[in-house]
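Here is what TrEMBL says about this protein:
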DNA_BIND  A:18-37  DNA-binding region
BINDING   A:S89, A:T90, A:N91, A:Q113, A:K184  biotin binding site
DOMAIN    A:70-255  domain 'BPL/LPL catalytic'
There are 2 protein chains.
Amino acid sequence: MKEKILQLLYDAEAYISGEEMSHTLGVSRTAIWKVINQLKSQGYEIESVTRKGYKLINAPDLLNKEELHYDLHTDFIGQEIHTYETLGSTNQEAKKLALEGLRDGTVVIANEQTAGKGRRGRSWVSPPGTGIWMTLLLRPDIQPQHASMVTLVAGLAVCEVIREVTGLEAEIKWPNDIVLNGKKICGLLTEMNSEIDYINFVVIGIGINVNVAEFPDELKGIATSLLLEGGQTYERKVLVKRILERFEKYYKLYLETEDLSHMIDAYQEHCVNIGREVRVSRKNEVLIGTVKKVSDKGELIVIDDKGDERLIHSGEVSVRGIYGYV
Amino acid sequence: MKEKILQLLYDAEAYISGEEMSHTLGVSRTAIWKVINQLKSQGYEIESVTRKGYKLINAPDLLNKEELHYDLHTDFIGQEIHTYETLGSTNQEAKKLALEGLRDGTVVIANEQTAGKGRRGRSWVSPPGTGIWMTLLLRPDIQPQHASMVTLVAGLAVCEVIREVTGLEAEIKWPNDIVLNGKKICGLLTEMNSEIDYINFVVIGIGINVNVAEFPDELKGIATSLLLEGGQTYERKVLVKRILERFEKYYKLYLETEDLSHMIDAYQEHCVNIGREVRVSRKNEVLIGTVKKVSDKGELIVIDDKGDERLIHSGEVSVRGIYGYV
């Protein structure tokens, strides 16, 4: 009901009367009036003029179902959205929901995370109201060994949308960060629950520092936000919807071939690793080399100091010039 | 304490007096007497003779900590064992314990499963007291894409131990069954919880039909037990301990190379697929061919009808002559 009234307000050219809304939705004018007041108390600026009706002047940047469903054009990604004021971590909640059987494409999003996680249990700072802290739940019918590429698919979608919405030149740091001027603006954390040859589910956590105004001292050198780089705030809800749409587009292409062949050019265009010196830490060795490209399978192809091509599937990758590797 | 008294009884050449036990363990003779009574009520046959002491005549085939730890020679597999009278499923319990942080090598074992599971959620019949329904919790520091081989490692261990303990000619049906005279005697279900390049944990469920006397009609054609094939009952506790030991031996070799190179000959020796016609069902095709061998990476190498080698990573595999594929 709130979603429908909000939609009428958004869609109205100018004023829309309480009577018209009451008629369209088949509810009393008192019911309409109650919801309008509710919206106002949530921060919506709604002008009421006698004999003309209501007009939406300004909407707050809320990440609630009503806002996120309005003007979202996807088939299944985000068609079911679970929103929370506060969560420990959106990945944790999404995994719990996945075990309860929630559908492919469900999105979990929180205004604040109190125990946000990066890779290998590292913590991720997620202050309230300033960022996008969300997780996509997916149930792809593909081989588990092809699942790691989904992180690159999500990274590409986030990078492109940040560039389009903000005009800032975001780049992808393979495999799971987005950077801006050499500092981290977004981190991705993909987790999988699988049998040998069957994926039960995948969750992709996406954390984007949108309007974070300040970072703790220990993060200042390596993390930044769209606000700090762009000098203005950005609407989180707009970014979320455009990311879900772009992700769905690339994800469908990826499921067709179970690789990145349909999007590898776009990926490489924005991949900061290409042509740069990288240092790859693995269990038993440290490899230093220059990145030639990213393969259709999502591997990093590195030329080592002997001139040999090396295929990097994973591992900790530092790029010279980024996060203090100089 | 019960474990220690049981160990003294097992280790005694003939009779051991209450006084000696009381002295060795530093507890009162009354305490000893209480435990002896407890053991008797659990089904242990213990003879007591005045002035000689106690003698263990016969021990029931119980899967409890005391029995499983006695005479178990491993470094870490099964050093922590959680035993249950009844569980929904041992994999489910092991996954829960894994999330709580339980250690590498922990074993979960139940006398009965009420909701035992096979691959892709199929049900697995696990009547009380007649089989081995257990799960190994592992935390291997290897790449997730190498983890599927651990099923083959476990299959080899189970197959060899069944052959040695019972003399029956068990064979491995790649990738996750053990068969006897063309019927299933054991199923393995491996599940993984991982990040892209990091395994949180793996659980391997092992279900062995040891002393199952009869199967439901719909399973009679495809399932059997050691009892039905061997014409006698077998001690589950002995099988469990020998399997844990053998698994640990092969698992260590597998972790060294992250492949099966150190055990592939033993594997192939018992692999029923080799040289047989197989039908492999995959998402978009059905492949019929003859199995040439199993690779060091655990893949099935199949020669198709054009004479080309095809690498099978996974999928549903039927072997001609087994489970009604004739």
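Each Cβ is built from the backbone N, Cα and C atoms, and glycine gets one as well.
Everything TrEMBL records as a feature, shown here on the structure.
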residue: A:S89; record: biotin binding site; contacts (Cβ under 8 Å, 6+ apart): A:Q113, A:A115, A:G116, A:K117, A:G205
residue: A:T90; record: biotin binding site; contacts (Cβ under 8 Å, 6+ apart): A:V108, A:I109, A:A110, A:Q113, A:G116, A:W133, A:M134, A:T135, A:G205
residue: A:N91; record: biotin binding site; contacts (Cβ under 8 Å, 6+ apart): A:K117, A:T135, A:L189, A:E191, A:V203, A:G205
residue: A:K184; record: biotin binding site; contacts (Cβ under 8 Å, 6+ apart): A:K173, A:D177, A:I178, A:N209, A:I222, A:A223, A:T224, A:Y323
Sequence-distant contacts of the DNA-binding region (A:18-37), meaning Cβ under 8 Å and at least 6 residues beyond its ends, amount to 1-2, 4-5, 8, 46, 48, 53-54
Determine, from DSSP, whether A:S89 (biotin binding site) sits in helix, strand or coil. coil
Students should find that the Cβ of A:Q113 (biotin binding site) has, within 10 Å, a number of other Cβ atoms equal to 27
If we take the residues A:S89, A:T90, A:N91, A:Q113, A:K184 that the record assigns to biotin, their largest CA-CA distance in Å comes out at 20
Secondary structure content of the DNA-binding region (A:18-37), with strand meaning DSSP E or B: 17 helix, 0 strand, 3 coil
